[in-house]
Amino acid sequence: MTLIAFGINHKTAPVELREKVAFSPDAMVEALKSLAHLTGADESVIVSTCNRTEIYAQAENLTADALTTWLAEFHQAKADELGLNSYIYHQEDAIKHIMRVACGLDSLILGEPQILGQVKQAFVSAKDSGVIKSDFERLFQQTFSVAKRVRSETEIGSNAVSVAYASVQLAKHIFSSLKKSNVLLIGAGETIELVAKHMHEQGVKKLSVANRTLARAEAIAQPLGATTLTLTQIPAHLKDADIVISSTASQLPILGKGLVERALKDRRHKPMFLVDLAVPRDIEAEVGELDDAYLYTVDDLQQIVEKNIESRQHAALQAQQMIEEQAQQYMLWRQGQSSIDVLRDFRQQSESQRDTLIAKALNQLADGKEAEQVIKELANKLTNSLIHAPTKALKKAAMQQDNKNMSLLQDALGLARANDSSK
């Protein structure tokens, strides 16, 4: 059986191609059945996210060309374009790749946790489609096991590697818990949207989004149960904010020293944590001079992020070692399964030969043939039948002077070797 991991991802293919060959959840069952029918895949899993589409499959004589052709035809894409932007791994390399993906080592953001859930869902879809057997059941359970171990035993996911998440983590570090904090976000771009989601996950007491265009602020706030403000309403509400995070495209500061100073006075100098993620700055640098204002800029956070990336890269080396060990364990199990299959086939073949000869003997007895003669004939035929294949193998090894195979056959058949001392 050939095990293959084939696909495209953010490192090998542009977003236009990734979009073209992505699978929706509704199409997954149809896709898996089509893959099995048209390529002969015995077992398969398809992982499809915004950053990758990968096919993990096992079959006799499965090739990258067959998978490329199938994927192109299923999505009406160009096979040559797919071929130029794809990659393929075989056997143990494929196993390691699957485990790396599930552990987040192959992700756009090193160590991101979402991919594990996506791989698990892909596996569930494959099971529901009836294309999972014992090999892939074992492979993916070991994959999930090593991913869990990587999460619990390394620092792969414990440090922020985006300024949005870093700002939330820094606020959490300062306030210990954010559940009693009022948060004001200024802006409505992608960064603020990410910050809003992270803050919502932390269970903040109150979340407000202020923006020049109220409709855009509402698009972020409404799904999270947050309130919205216009920029002109900020002065009246700033005193209520324990945490302020700003990221707009404004060419002039949104918050000046005087405005923040008045807000702190109204707060009776209760500390305020401010993060300026904008370039040019949204918050005047002089705000940092105020006793009860703790101002951080995008440069401060970038230093934290870079340090955290280094930490994750170190953790990734630890994770890779765990993957090597788990992949080796799976390969040993797989090899053991192959020997079990051979033994099962040998036993079935022997039992079939026995049953055939017994049936003939019983027929002879029913016809009145002498029992002693039937038993002797049965014994001779059974002996000849069982030693036929080993005899051929021994003769072949002897003729080819293949001492290694000769020794293996002698050991397997319990025969004393020619140079062994008699006992």
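For all residues, glycine too, the Cβ spot is worked out from N, Cα and C.
The secondary structure of Cys50 (active site, nucleophile), as reduced to three states from DSSP, is coil rather than helix or strand. Sequence-distant neighbours of Cys50 (active site, nucleophile) (same chain, 6+ apart, CB under 8 A from its CB) are Arg18, Ala22. Under the heading active site, nucleophile, Swiss-Prot lists Cys50, citing sequence analysis as support.
Neighbour density for Pro113 (substrate binding site): within 10 A of its CB lie 14 other CB atoms from the protein chains shown. Annotated substrate binding site per Swiss-Prot: Thr49, Cys50, Asn51, Arg52, Ser107, Glu112, Pro113, Gln114, Gln118, in sequence order.
For Thr191 (NADP(+) binding site), the count of additional Cβ atoms within 10 Å of its Cβ stands at 21 [all protein chains shown]. Annotation comment: Swiss-Prot describes Gly187, Ala188, Gly189, Glu190, Thr191, Ile192 as NADP(+) binding site.
The DSSP secondary structure for His97 (site 'Important for activity') is helix. Long-range Cβ proximity for His97 (site 'Important for activity'), meaning a same-chain Cβ under 8 A and a gap of 6 or more residues, is found for Ala5, Tyr89, Asp106. Annotation comment: Swiss-Prot describes His97 as site 'Important for activity', evidence class sequence analysis.
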### Message
Distance check, please: Cα of Pro113 (substrate binding site) against Cα of Ala188 (NADP(+) binding site), rounded to an integer number of angstrom.
### Response
25
### Thr49 (substrate binding site), number of other Cβ atoms within 10 Å
20
#### Entry: Ser107, Gln118, Gly187, Glu190, Ile192 as binding-site residues, winner by CB count within 10 A
Gly187
### Query
What's the CA-CA gap between Gly189 (NADP(+) binding site) and Ser107 (substrate binding site) in angstrom, rounded?
23
### Task
Please work out the number of neighbouring Cβ atoms within 10 Å of the Cβ of Ala188 (NADP(+) binding site), leaving out its own Cβ.
25
